[in-house]
Amino acid sequence: MILSQFDQNIQPLSSAILPRHIAIIMDGNGRWARGRGKLRIVGHQAGFQAARRAVRFAVHCRFNALTLYAFSSENWTRSNTEISSLMQLFIYALNSEINNLNKNNIKLRIIGDVNRFTQELQDCIYRSEQLTSNNNGLNLNIAANYGGRWDIVQGVKKIIAQIQKGVLKPNQINENILCKYVCMNELSPVDLVIRTGGEHRISNFLLWQIAYAELFFTDVLWPDFNDIVFRRALHSFMKRDRRFGKSAFI
């Protein structure tokens, strides 16, 4: 369960200065497994448990949205065995968690090009999204077969289609229009990006949505990510002076 095992001793942070939308690049599953002499899939399974903890904490803090980078469009270069194991884990995660997500008023959405997935996984995604579609609590977005460049391109293609239909004119196209056609367009932009695993890069994640996001990098491998590390990221965010491109002296 996501909430039933929550540590009641953890006190809520000040909601006035917390981020509304957090995105996490969940990195380090493979290294976590290798360091323990385990198969990579064991690391991914442990990463699934870390994701459950992150969702639980996000609900507790009453964030508006949490977006998790589960599978990038570049991850298809991994071995067939690992990809197959990941897809089965994805199906298991959806089937085992969806009722609990629904009970906790969480709205689940999968962002990315799901057409490349097996029909079984696509059906599972559809059922999960439909079941939680009317919920108005945490917006939980799972980025799967997702890439930031793909997101922008698919948005541009939709705009071109609207122009061809006569709905839009070329001279109407601006940032506000494009914003309506990228993933998660109805949610607030990402405020905070957390990346685990010690790498300091974005890896083609939400390139449009994180334009003014604060970045937090930690050496903690994803399976070891917990509420303490999450709070550390939040405290770092709360100390930032977010200027959104403006001068510090204005």
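Glycine is no exception: its Cβ is also placed from the backbone N, Cα and C atoms.
Straight from Swiss-Prot, the features:
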ACT_SITE  Asp27  active site
ACT_SITE  Asn75  active site, proton acceptor
BINDING   Asp27, His200, Glu214  Mg(2+) binding site
BINDING   28-32, Arg40, His44, 72-74, Trp76, Arg78, Arg195, 201-203  substrate binding site
Least surrounded among the recorded positions, given as Ser73, Asn75, when other CB atoms within 10 Å are counted: Asn75
For Gly30 (substrate binding site), the one of Asn75, His200, Glu214 that lies nearest, given that the recorded positions are compared by Cα: Asn75
Residue among binding-site residues His44, Arg195, His200 with least C-beta crowding, 10 angstrom cut-off: His200
Whole-number Å value for how far Glu214 (Mg(2+) binding site) lies from Asn75 (active site, proton acceptor) (Cα to Cα): 25
Among Asp27, Glu214 [recorded positions], residue with fewest other Cβ within 10 Å: Glu214
Asp27 (active site) versus His200 (Mg(2+) binding site) - Cα distance in angstrom: 11
